[in-house]
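*Asks:* From Swiss-Prot, for reference:
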TRANSMEM  19-39  transmembrane segment
TRANSMEM  56-76  transmembrane segment
TRANSMEM  90-110  transmembrane segment
TRANSMEM  113-133  transmembrane segment
TRANSMEM  144-164  transmembrane segment
TRANSMEM  171-191  transmembrane segment
TRANSMEM  222-242  transmembrane segment
TRANSMEM  251-271  transmembrane segment
TRANSMEM  288-308  transmembrane segment
TRANSMEM  317-337  transmembrane segment
TRANSMEM  376-396  transmembrane segment
Amino acid sequence: MYSSDAPINWKRNLTITWIGCFLTGAAFSLVMPFLPLYVESLGVTGHSALNMWSGLVFSITFLFSAIASPFWGGLADRKGRKIMLLRSALGMAIVMLLMGLAQNIWQFLILRALLGLLGGFIPNANALIATQIPRHKSGWALGTLSTGGVSGALLGPLVGGVLADSYGLRPVFFMTASVLFLCFLLTLLFIREQFQPVAKKEMLHAREVIASLKSPKLVLSLFVTTLIIQVATGSIAPILTLYVRDLAGNVANIAFISGMIASVPGVAALISAPRLGKLGDRIGPEKILIAALVISVLLLIPMSFVQTPWQLGLLRFLLGAADGALLPAVQTLLVYNATNQIAGRVFSYNQSFRDIGNVTGPLIGASVSANYGFRAVFLVTAMVVLFNAVYTGLSLRRTGATALPAQDVEKDDTSLVR
């Protein structure tokens, strides 16, 4: 379709990867509204057993993703990022299809683990775009790309619930597999990458990857920052609906109110992420990162004292606007400190820390709420984010944020990457 030596239009690749991240985010979240119902349909009975199995099938995907991500990242640095996008999209499509055919809970659990092993579309999309964009536009591009997964994750539960009510639980898995296969086709036909495969013996080992970074200590601290961001985000998820019900009292549309309050941070992040990413390109992503963490602390504390669902919704909207800058700012700093040759592994390591946060965050939130009540979760989360802000600030001060090379700053907005 394209000449192999033709220049790569990174903006077109950004558009297609955004669509791919949107479809992947939607596909993952399509099944979330009825996951416990599907577990129940596979023969799990009893309140405690249903809770346990629902938690297992949810968390095992992130756990196995954390294990597999470094392997896929290394393979991406050897074979190219496009082939990893194709592998991920097609693999997840096949697994989703098989999930719709599962006959018992053990089969479903194994398939959820396999989904984590074969995933990784979004981190590989980040790595692909990070190696093709002009460095001085990293914040804007990665911020824009992040909105793809966020918007898909917002739309997915709504569409998934409607589809499950209309067609039943199993057909939704087949529809999800179709969405992922569409993602595979779009990637195959329209994503372009010029990549020279690297022999395995020439690949850097993990220690050499870390040593080759411009600022290894800063990058390691950014991995920890990513983990804490996800812990803070996930800690609120298990108790949000119950907290909203306590605030709302006896109202008929509690599910609608809870859904609205759950989704408003994502809507705010869609608006803020590209804009704050672009601002970070001008003033430095490290400033955006610290400011967003501090603002998050100031918004989390009053959430513990709200009296109505709408007060909580307003604060969560503002929190989403701040949170929309966090991961893109981290990713931009990673781009500044890693060469293209190791970008796949750096982003995959970051994804592993993110997955660990996705697993541990809900556990922490559920534990705190069980012992100290719903309101305490927001105060504990605020303390976690405050620690993150202080830790990140000290790490940036000790290591210094790496400035953009002058030649990157001078590139024109319409640059094509060869």
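Just so it is clear, glycine is given a Cβ too, placed from its N, Cα and C backbone atoms.
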*Asks:* Kindly say whether the transmembrane segment (171-191) and the transmembrane segment (222-242) touch, using the definition of 3 or more Cβ pairs under 8 Å where each pair is 6 or more positions apart.
*Replies:* no
*Asks:* Based on Cβ pairs under 8 Å, which of the stretches 19-39, 56-76, 222-242, 251-271, 317-337 lies most in contact with the transmembrane segment (376-396)?
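*Replies:* Highest pair count goes to 222-242.
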*Asks:* Honestly, do the transmembrane segment (251-271) and the transmembrane segment (317-337) touch, with at least three Cβ pairs under 8 Å and pairs 6 or more apart in sequence?
*Replies:* yes
*Asks:* Does the transmembrane segment (317-337) reach the transmembrane segment (56-76), going by 3 or more CB pairs under 8 Å (6 or more apart in sequence)?
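*Replies:* Since fewer than 3 Cβ pairs under 8 Å link them, the transmembrane segment (317-337) and the transmembrane segment (56-76) do not come into contact.
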*Asks:* For the transmembrane segment (56-76), name the stretch out of 19-39, 144-164, 222-242 with the most CB-CB pairs under 8 Å.
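*Replies:* Between the candidates 19-39, 144-164, 222-242, the best contact partner of the transmembrane segment (56-76) is 19-39.
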*Asks:* Can you find at least 3 Cβ pairs under 8 Å between the transmembrane segment (144-164) and the transmembrane segment (222-242), where each pair is 6 or more residues apart in sequence?
*Replies:* no
